[in-house]
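Single-structure report; data block below.
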Amino acid sequence: MFSRNHRSRITVARGSALEMEFKRGRFRLSFFSESPEDTELQRKLDHEIRMRDGACKLLAACSQREQALEATKSLLVCNSRILSYMGELQRRKEAQVLEKTGRRPSDSVQPAQHSPCRGRVCISDLRIPLMWKDTEYFKNKGDLHRWAVFLLLQIGEQIQDTEMVLVDRTLTDISFQNNVLFAEAEPDFELRLELYGACVEEEGALAGAPKRLATKLSSSLGRSSGKRVRASLDSAGASGNSPVLLPTPAVGGPRFHLLAHTTLTLEEVQDGFRTHDLTLTSHEENPAWLPLYGSVCCRLAAQPLCMIQPTASGALRVQQAGELQNGTLVHGVLKGTNLFCYWRSEDADTGQEPLFTIVINKETRVRAGELEQAPEWPFTLSISNKYGDDEVTNTLQLESREALQNWMEALWQLFFDMSQWRHCCDEVMKIETPAPRKPPQALAKQGSLYHEMAIEPLDDIAAVTDILAQREGTRLEPSPPWLAMFTDQPALPSSCSPASVAPVPTWMQPLPWGRPRTFSLDAAPADHSLGPSRSVAPLPPQRSPKSRGFYSKSQLGPWLQSPV
């Protein structure tokens, strides 16, 4: 009998909406069972969604130009990957539906019995030439604009990006040092290369533009008219309205625009430097326009997996051309376009030289047979190659029909891979593994002398000299005599050695009521400690009595030449 306290029983009304949801859920689980590949793709999709949320938060919080550019770039890359992963998941689900229902795709093409092996595709030495005007590059005229550019590369659902490069008119081409590697590429791949750019406004370039504009207008229009124009500009700025003749600043960070793109296929693969055409998508009126020449130079290499990984191995008895004996018992390894024959299987693992090698190329002919007079090795596999007018045949003897079938399938798969990858199977192209990318480093800004001064009033002289010594980068001598004018203790003579210096006076100790000294990160002295006391900072060298008066600008020593 049904009891409310009985937790092991659940009743659902027949035909209710809840029952239909349960049935629909069971149908989905049984009909769309996710494969490990789909699970991995879903995990990547979830990761990119979290990365996009983090990039949005970072873009809303960052205040530096470099941070905003990197956050915007990350947001664009994450959005591209999310769209790519969602499209791939949708395609796989549709294929599952067609397979379960027994329907064929719209093109009604029979599925191939053999699918070509995948390979590694690497693009490196990327350079995009620029085409500046003569007045901009040679005569160095006009405003100096800067662009932040990067490349987005895609093969299927795999999307990679390069580091961001700052470009101005001092550069003749855009150079990317990254080696972009795609580990899972098919022979019919299409590598789409997209160049994105954003115009970078210099910080502080427009900060004083309203006041400078008002000053120029007031001086050019005369005293009376200029005063009225200046007053109107000041009132507009004080009322909170946008300054006249100045655009409203953009909200949401910088915007990257698609400047050019191209598509590279297997035909463009070459073990060398090559130039490809670019399709330009921006015009000169675009704020992110960059004077591109219309081409990209790069090295595109490909490594099919059949060329770098063994596809078959096992015990063989090889009878070479011209031999009348039963053959030599070897361990054969099919790798690339060669069948390597070793004495033992351990020799292949340790990388020793093979006993001999049988070449297998596109012109090789393979024929299977059976020998009645060899009961231990009854099955044969003949491999024939032509060298000019001569034909050389090597015969492989195998123990079982299953071994013969495995070697035949491996050879037919190799022939099929060579027909799909074509010239990439002639020789193994060199591909360097990309180095781990370092995080972008923001440009260090040196604080002014005002922000680096100490806060305690009794310690100002020591703080200033300490900062100047840190900027100069040299070890300064003991305190000069003029420092005694600001203290109660007489200055030490110049002949005193460091060992005879008296202990640190009481006034040099940190004050209990004062705020701690604050320095900028680039001017923090390395020898400051966090203990209760600190040593006297090195002071400037002594000066002659003549140098204690007024100085002209040309007589200042290097330790006083500090930007304020």
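Using N, Cα and C of the backbone, Cβ positions are placed for all residues, glycine too.
A quick note: this is a predicted structure, and the numbers were derived from the prediction, not measured.
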Of the residues ARG7, ARG230, ARG274, ARG517, which is given the asymmetric dimethylarginine tag by Swiss-Prot?
ARG230
Per DSSP, what is the helix/strand/coil residue tally across the domain 'PH' (309-416)?
22 helix, 51 strand, 35 coil
Return the average pLDDT for the domain 'REM-1' (17-98) as a whole number.
82
